[in-house]
Structure formats: structure tokens, C-alpha cells
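Taken verbatim from Swiss-Prot:
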type     : residues                                              : note
ACT_SITE : Tyr60                                                 : active site, proton donor/acceptor
BINDING  : His89, Arg303, Asn432, Ala433, Ala434, Asn435, Gln436 : substrate binding site
MOD_RES  : Ser150                                                : 2,3-didehydroalanine (Ser)
Amino acid sequence: MLAMSPPKPAVELDRHIDLDQAHAVASGGARIVLAPPARDRCRASEARLGAVIREARHVYGLTTGFGPLANRLISGENVRTLQANLVHHLASGVGPVLDWTTARAMVLARLVSIAQGASGASEGTIARLIDLLNSELAPAVPSRGTVGASGDLTPLAHMVLCLQGRGDFLDRDGTRLDGAEGLRRGRLQPLDLSHRDALALVNGTSAMTGIALVNAHACRHLGNWAVALTALLAECLRGRTEAWAAALSDLRPHPGQKDAAARLRARVDGSARVVRHVIAERRLDAGDIGTEPEAGQDAYSLRCAPQVLGAGFDTLAWHDRVLTIELNAVTDNPVFPPDGSVPALHGGNFMGQHVALTSDALATAVTVLAGLAERQIARLTDERLNRGLPPFLHRGPAGLNSGFMGAQVTATALLAEMRATGPASIHSISTNAANQDVVSLGTIAARLCREKIDRWAEILAILALCLAQAAELRCGSGLDGVSPAGKKLVQALREQFPPLETDRPLGQEIAALATHLLQQSPV
């Protein structure tokens, strides 16, 4: 008899979902359940929309055309055709599709917005979103084609096609399924659009929010790796822990700096390989004057690690605060206020400027942190700077074996590529017959941020492989004197990646380790 998989934990959606819960649902680790109060809000919202329709109110996208065609009034008998045509003309995306988790994060973001009860979406539409999230499927959504201004119209239109069985699905391993096969395999009912369902589904910042959600999750893992690897670097280079003292961070109390310094200190606890004494405790006499073999302070890539890492962590924290608000916000237009004070409100909650700016800021922080890791690799592999380790950490005869020389150059190339693109949000371009005369480009910002996160992961993977080699070269295969945390880290790496005894191709190992770093924090 086949063993049954344990049921997934349920995340109950009312007014608020946090980023960890959202990622659990998007990544298939939890199922989503609509809380009774949210269901009641959505039913009330649908009822308010019904009253608007019966009273023939002048409401954008319900009794009007779209965008600059909003001055064309539409009769009630054409509402279904209007909604269908909205999806048809918007489903114009191109480029590679969003990955499985990111596409599901987009679906979840749309559901959370609609569940606030101000969009008038039908109960059946909400059920189709929930069913898709609780399946093992994702919509196949082209990644390019949205300016993130009237929300993410284009990618969300492709989501609607998928829900209708007219677009493709992705299964968990990325295999593409046609609409009919996806509906069958997921045991899904095809979506039937009514009233303004199409506009409620496409008009919002859900694609950029979904991408940003996955970005945030990846950055948390990579940030943990950056701390762990910096601590191990200190052990390999006989680094000084004085610069990580709590008293320094107390005098400059940025939360990220304090956190980074504390975690660095914890990682080297029990190490005999770092220098712990305070320089100023030494008293000089006449015989001490002159040049010492080593400076009393480390280079900035070690000494200033709490400040550099901490600034990045504070940027991520700001990104996460903004993202949490955006995820739980109503980003539709028009909206139907729950208090019923007016039939509908027309505005611009679909403008993705918050996600655009925070994604650009996070991309900048990621590039800075990748630059720190690249400089750490350079110092570790340079025999003039690595305090007695062999050049490029080779084990065989120098010259015959080049060690990590190629990998070090790859790290430099990756960083150069990260620096080749700047912020997206400053490049607003008027479009849509000047109706959208300013646009956020938030989805582009989030996508570019993701590309930089992937490059950072690859640089950290190179650093990790170099450090495992350096630790064994410095301390022997038994890792004598290395901290317990450092030993666990090297041993975990060695379970998958053997020492570089002689030169071998490293590209596949770097890629595999980078994927691991994005998904799991260090031991």
C-alpha cells in the first residue's frame, strides 16, 4: 500500500498574510484557506457591485471602455464581451515564463488583494484562484510586457487565460502543460468571468509583488550565507574580531549593523583561528618603533563587514515592510468601499511605485553585498594578501595547477554584469496614448533585482568553495582550531563538493551550490 503524504499546513487568509506564510503557499509548502470573515467581505463586495450594475452607475471598466477609451460608454448587455476582450487584448506578453514559485506568488498576491473585499469579484472567481494555489500547478506567464502602472495587466491576463483553460500551466518541475491537460491534472474547474471579474483579476500590482516576495525570501538565505562565509574568512585569514565588538555597534546603532556584528561574533565563538585581543591594550616602548610584519587592523572586507552587511540587511528590512503592506493592499481600480459611502472610487492604487523603488534599492544593496563577496574571494586567492596560503588555493605544483584562478575571474565577471544595469524606476516612459504618462516599471525593477540576486548567489558559491579549500589548507583536514560553526559549514560543503586536489571544471558545481544557497540557509 502506498504511503500517504502528510497533509499540508493551512494558511488562513483573512485581512493579513505575512511574507513567510505567503512564500509557504507559493512554494507549495502550505495550502490556502479563505477565512469566514474574508468570505463574508467578498460576498458583500459582490453584492455592492450588483447594486452598481442595477443602478447603471458610471463605473470605469464596467460601463466604459478601457484606458484612453474610457470616454466610450458601454451598454450593460455587453459587459461579458467587454471583460473577455480585456483579457484578449492584454494577453500580449513575451519572453521566458515566470518560474513555478514566482507565478504562484503572483496568483496569491492577486487573491489576497481581492480578499480584502473591495473589488467586487465573484465568489466563483475567488474559488478558482484558491483551487489553483492548492493544486501542484502554476500558470505559464510570460515575464515581459508590463510597465507596472495600471497594475500588471499583461502577466495577469495570461493568468486569466490559464484559469479559463485557454493558456498553459506549469507543473512543479517546470514542464509545460496545455490548458485542457492542466485543468484535468489539477482537477480544476475552468474560470467563468462575470461582471467585472476580468478587471478585478488583471488590475493590480500582483506580478511585481509576487516577484518581490520570492526575491525577499532568497535574500534572507543569501544574507545568512554572507555572514557565515565572512566569519569563516576571518578564521582562514587570522582576522581580528575587535572590529565586530558590540560596543562599536552600540555607538552606531543601525539595527542591521548590530545584527551582523552579533552574528559574526557568534559564528567564530570557540575559534582558535581569529585574533581576539584589542590593539590598544598593548603598550609600546622604544624597541617597538618601526614597521611590523602585519598591520594592526584588517582590510575593510573583513573589518567593515558589519557595516556593509548591516546596511544591506536594513535595506532588505525596508523592502519587506513595504512588500508586506503591498501584499495585503487593495491595488484595484475602481474600488468599491466596504462602508458603502460611495458606489465606487476611481484612483490609482494600481501604480506600483512602492515596489519599484524598494526593488531598485534592494538590487543596489545586493550588488554592494556581491561586491563584498567578490573582494573577499580576491583577497583569499591572492598570495600577497592571504597570509601564507598558496596562490589561488591550489594543492598541486604552482603553475601546473591554477586552483581557483578561473573561478575568481568568473566572480569578477558576475559582479561586472550586476553593475551593468541601474535602477529601472527612474526610466518612466509615457504610454497608452498618454493616459499612462508616468509608469512605475516596478515589475521590471523586481525582475532585474532577481537577476542580480542570482548572480550574488553564484559569487557566494565561489566564495564558499574557496573557503572550504582555504580552511583545510590552513588548518588541515581535521580543521584544527576552527570554530564549531565553521567546522559544520565546511563539513556540509564537503558532503557535496570534494577538495580541489588538481584542476577540474567547476562550473556545474558553482551552479549547483548557488541553487542550494538560494533555498536554504547555512548550518
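Each residue, glycine too, has its Cβ placed from N, Cα and C.
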**OP:** State the count of C-beta atoms found within 10 angstroms of the C-beta of Gln436 (substrate binding site), not counting that atom itself.
**Re:** 18
Original post:
What is the maximum Cα to Cα distance, in Å and rounded to a whole number, among the residues His89, Arg303, Asn432, Ala433, Ala434, Asn435, Gln436 annotated as binding substrate?
Top reply: 56
Original post:
Out of Ser150, Asn432, Asn435, which has the highest number of nearby Cβ atoms, where nearby means within 10 Å of its Cβ, if these are the recorded positions?
Top reply: Ser150
Original post:
Reported as an integer number of Å, what is the Cα distance between Asn432 (substrate binding site) and Ser150 (2,3-didehydroalanine (Ser))?
Top reply: 10
Subject >> Conformational class of Gln436 (substrate binding site) under the three-state DSSP mapping >> reply: strand
**OP:** Determine, to the nearest whole angstrom, how far the Cα atom of the residue listed as '2,3-didehydroalanine (Ser)' is from the Cα atom of Gln436 (substrate binding site).
**Re:** 8
Original post:
Rounded to an integer, what is the Cα-Cα distance in Å between Ala434 (substrate binding site) and the residue listed as 'active site, proton donor/acceptor'?
Top reply: 18
Subject >> His89 (substrate binding site) in three-state DSSP notation >> reply: helix
